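Working notes for the structure below.
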Amino acid sequence: MEKLDRYLQEHFDVPAKNPSEEAQRRWRQAVGTIVKNRRRRFRWVPDLDRRSLDKAKVRSTQEKIRVALYVQQAALIFSDDELALITSKHDSKALKMHGGVDGISKKVRSSFDHGICASDLDTRQNIYGVNRYAEKPSRSFWMFVWDAFQDMTLIILMVCALLSVAVGLATEGWPKGMYDGLGIILSIFLVVMVTAVSDYKQSLQFKELDNEKKKIFIHVTRDGRRQKISIYDLVVGDIVHLSIGDQVPADGLYIHGYSLLIDESSLSGESDPVYVSQDKPFILAGTKVQDGSAKMIVTAVGMRTEWGKLMSTLSEGGEDETPLQVKLNGVATVIGKIGLVFAILTFLVLLVRFLIDKGMTVGLLKWYSTDALTIVNYFATAVTIIVVAVPEGLPLAVTLSLAFAMKKLMNDKALVRHLSACETMGSAGTICTDKTGTLTTNYMVVDKIWISEVSKSVTSNTISGELNSVVSSRTLSLLLQGIFENTSAEVVKEKDGKQTVLGTPTERAILEFGLGLEGVHDAEYSACTKVKVEPFNSVKKKMAVLISLPSGTSRWFCKGASEIILQMCDMMVDGDGNAIPLSEAQRKNILDTINSFASDALRTLCLAYKEVDDDIDDNADSPTSGFTLIAIFGIKDPVRPGVKDAVKTCMSAGITVRMVTGDNINTAKAIAKECGILTEDGVAIEGPEFHSKSPEEMRDLIPNIQVMARSLPLDKHTLVTNLRGMFDEVVSVTGDGTNDAPALHEADIGLAMGIAGTEVAKESADVIVLDDNFTTIINVARWGRAVYINIQKFVQFQLTVNIVALVINFVSACITGSAPLTAVQLLWVNMIMDTLGALALATEPPNDEMMKRPPVRKGESFITKVMWRNIMGQSLYQLFVLGALMFGGESLLNIKGADSKSIINTLIFNSFVFCQVFNEINSREMQKINVFRGIISNWIFIAVIAATVAFQVVIIEFLGTFASTVPLNWQHWLLSVGLGSISLIVGVILKCIPVGSGETSATPNGYRPLANGPDDI
């Protein structure tokens, strides 16, 4: 009861308004020593006896309140997690002691039918806690700053900078002696802060996306209404509705249900599922509903569940490196080693030339502090060359591009769960998609019905009268009983009193059809008792219910795929409601009706019944023969707007769309033709036929398969496995059911449906399509291609900078004995190249041209011949320009005077930076001449370019003391900008040069252009 005591003390204890009695007695004694007159004395002190009496009355009142609250809230109290332990420890004895599940329900003030009162939520959360797990605190911004400081090359540079400051102060005094070192320190600080800000913003973005992943909703009964709430709002006492594919959101006890099978492998590690019943009612959070449905009462939430304790111990390990990041890390390592060699050679050349000059002038035995400063600066330059050469911006660019794409896709209703999925989707060559809800709207209505050998089109106003005119009341009664008893949908009342049907789209359509007929509220239906329920799943393709009739007999109702149910029937209901034998001619007519419905793109479902003996085994499965056919439903599910254009886009992008559905083959073919998936050369096949093929037959068949109907989840898995294994395809697969999990896991990219998908399917997927729309899947592919191409653009840009910076400093060191680009200047270039360059180029949005080329195949080179052509061409131009300025600048520009060398070095630095600025613009298009297309709409790119130019002006004109530059006149500025802008002309010339034959040469940007393709995309 300690927790209740704390709760009552916190909320209902009445603190004394005046000081404590002991303090008042001390005050009385003090007053007594000063005020001798007793009458006057007691004006200054209270009557303690009366006060004690008043306090006694207050205590008495409080005790009464406590007793009342104990009595009132005793129904909500269990000592020391006792309620949670009953479920987590599977304590049957304790459960029995409390009166079973019914007793627990009463003790937590809940009702199986009405649930809890919403007004109790705060009280329940205060006592039992909230349904959230303890999460590790997010990393602060300063932790990212610390991480950025851990770069070894920056640490070495910092040491060099401090040495430079120390030696400079000793030789040149304050403040001139510290300029060089302080310039390096400020540059390091700037690099660290920009890196930290970038990483911190990305972490916030990924955390936001992670929070989106955790948004899970569940159906509960509260205040007598069934409603949908977030799992985080669950409290003890809630009545939760579970169905196939759900992840159990809290610990609870089974109330009632049908064939509930729970997968506890996530907690126990046991692969065998557990049957849950009233004899074994314990259901644990984190487990998954493998089959069946049920209602449970919540007994523990959040950190009081075993799942909560387990989740709180798991640290966020972050994302694994994506395949592209791994590949680029290899590239970065090679470039870094080359940079290290150049840095060592540059330092050795500078040192040797310095020693030779010193030996020839003052001798090697005389050393001054200025000599030490020179060597320190040489070493700093060498280390900075390593900083520039090591392209740590490559993995950063990938992460930045993926994060940007993920954010945009989130706005487009696609939640990317794994980073690698986004880039992999850009290489997808096949999309295996479901039909229902993905290609179609998933808003279903009964459009036609066949009953007693009569087909009728359904209209809400006339169908009741039309059916009454062609069938007897007994036939109609059987139809309605089959609809209302054999359904997983439910009619609920909203707050405004209106009725709403909850359930899957198919179940809703049939139940709404039944509600539109007369006789809905007949007492006969409510008098029936459900004995056994077999929920629908994608393997059986049917659902069944066994009911006990008021007459004492029992009856099975079965509903499902038309061909399967028809095979189970040997009788049919005639117009008078009698069961008559089903002749072969009638069976053929029924099949023709099914095919006719399917050819109109209608989903077909059959409803049948079977009378059974009263002594049937309740645990036996539903029979597979001897049924009597009642009706066939033709359900309309229109194709989504935009799907046909999306499929056309896929074709022009070299992506094959294959429909894999459990529907009738004629329905599937009709929808596939309407969407543009099924072509004249395409193959439509049924799952059983596909599964019977040999590997050799599959090898010939699979490339042409465009539609697979009546397929099982295993058939989808087999198709995906063979596409990846036999044809080395990058395959993406959509799925919504629990049984789709193996195919989603096997595919390169698993796409789960956010609306129709189960939690099991979502957990197995890489991307969750929040609106279940096929067009959204194409957007994922577009952004995947954009990520790949954007990284190629950045690599092209960065390698150009690397080559020029390394060569120009090395050649200058060899010939002149000095490096024109100082450590501070190289650090600024490094920031332009790594962080700002990645930000500018990695965030380019996709364009339509990307979807007019086939995808990159596995094993293709990341750096294409087109990229090498651009890199080498731009590098040669920049080396020529900078070399001309270095060796002939003074004479060519007629620069004379004591500061001529400083002006030339500043001009070299300024021209070098502007070459990178214009080459960054050049890199927006690797093959197209027009590099300005769409640049106005990309504000990030414009902002980066503007910031680079603005800061370059500040460095040259105002920070010369730190950056070793001098102010330039307007002619020199014009020259620098002009030399940089010529990079655009060089880019145009380079793009006119063919790059040779071969596979790569025919694949600009890594993609092979299609010979033909629609232009209106």
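Glycine residues also receive a Cβ, built from the backbone N, Cα and C atoms like all the rest.
The structure displayed is predicted, hence computed values, not measured ones.
Sequence annotations record features per position, and here Swiss-Prot assigns active site, 4-aspartylphosphate intermediate to Asp434. As annotated by Swiss-Prot, Mg(2+) binding site applies to Asp736, Asp740, with the evidence given as similarity to another entry. As annotated by Swiss-Prot, topological domain 'Cytoplasmic' applies to 1-153, 198-228, 352-384, 896-938, 994-1017. Sequence annotations record features per position, and here Swiss-Prot assigns transmembrane segment to 154-174, 177-197, 229-249, 331-351, 385-405, 803-823, 826-846, 875-895, 939-959, 973-993.
The Cβ of Asp736 (Mg(2+) binding site) has 27 neighbouring Cβ atoms from other residues within 10 Å, across all protein chains displayed. Residues in the topological domain 'Cytoplasmic' (352-384) partition by DSSP class (helix H, G, I; strand E, B; coil) as 26 helix, 0 strand, 7 coil. The residue listed as 'active site, 4-aspartylphosphate intermediate' falls outside any helix or strand according to DSSP and counts as coil. Sequence-distant contacts of Asp434 (active site, 4-aspartylphosphate intermediate), defined as residues of its own chain at least six apart whose C-beta falls under 8 angstroms from its C-beta, comprise Met659, Val660, Thr661, Thr734, Gly735, Asp736, Met753. Annotation note: Asp736 (Mg(2+) binding site) sits in a coil segment as assigned by DSSP. Long-range contacts of the topological domain 'Cytoplasmic' (198-228) within the same chain: residues 113-118, 138-139, 141, 144, 147-148, 234, 238-241, 246-247, 249, 295, 319, 396, 399-400, 403, 406-407, 410, 415-417, 490, 492-495, 502, 759, 768, 835, 839, each at least 6 residues beyond the stretch ends and with a Cβ under 8 Å from a Cβ of the stretch. With a cut-off of 8 Å on Cβ pairs spaced 6 or more residues apart, the transmembrane segment (826-846) and the transmembrane segment (939-959) reach 3 or more such pairs and are scored as touching. Asp740 (Mg(2+) binding site) has a Cβ environment of 28 other Cβ atoms inside 10 Å. Residues in the topological domain 'Cytoplasmic' (198-228) partition by DSSP class (helix H, G, I; strand E, B; coil) as 16 helix, 10 strand, 5 coil. Through the fold, the transmembrane segment (875-895) approaches residues 800, 803-804, 807-808, 811-812, 815-816, 820, 901, 903-904, 907-908, 911-912, 915, 919, 972, 975, 979, 982-983, 986 of its own chain, all at least 6 residues removed from its boundaries and within a Cβ separation under 8 Å. Distant neighbours of the topological domain 'Cytoplasmic' (896-938): 789, 792-794, 796-797, 800-801, 804-805, 808, 820-821, 825, 828-829, 832-833, 837, 840-841, 843-845, 847, 849, 866-867, 870, 874, 877-878, 881-882, 885-886, 889-890, 944-945, 948-949, 952, 956, 960, 964-966, 968, 972-973, 975-977, 979-984, 987-988, 991, 1004-1005; these residues of the same chain sit at least 6 beyond its ends, with a Cβ under 8 Å from one of its Cβ atoms. When averaged over the topological domain 'Cytoplasmic' (1-153), pLDDT in the model lands at 68.
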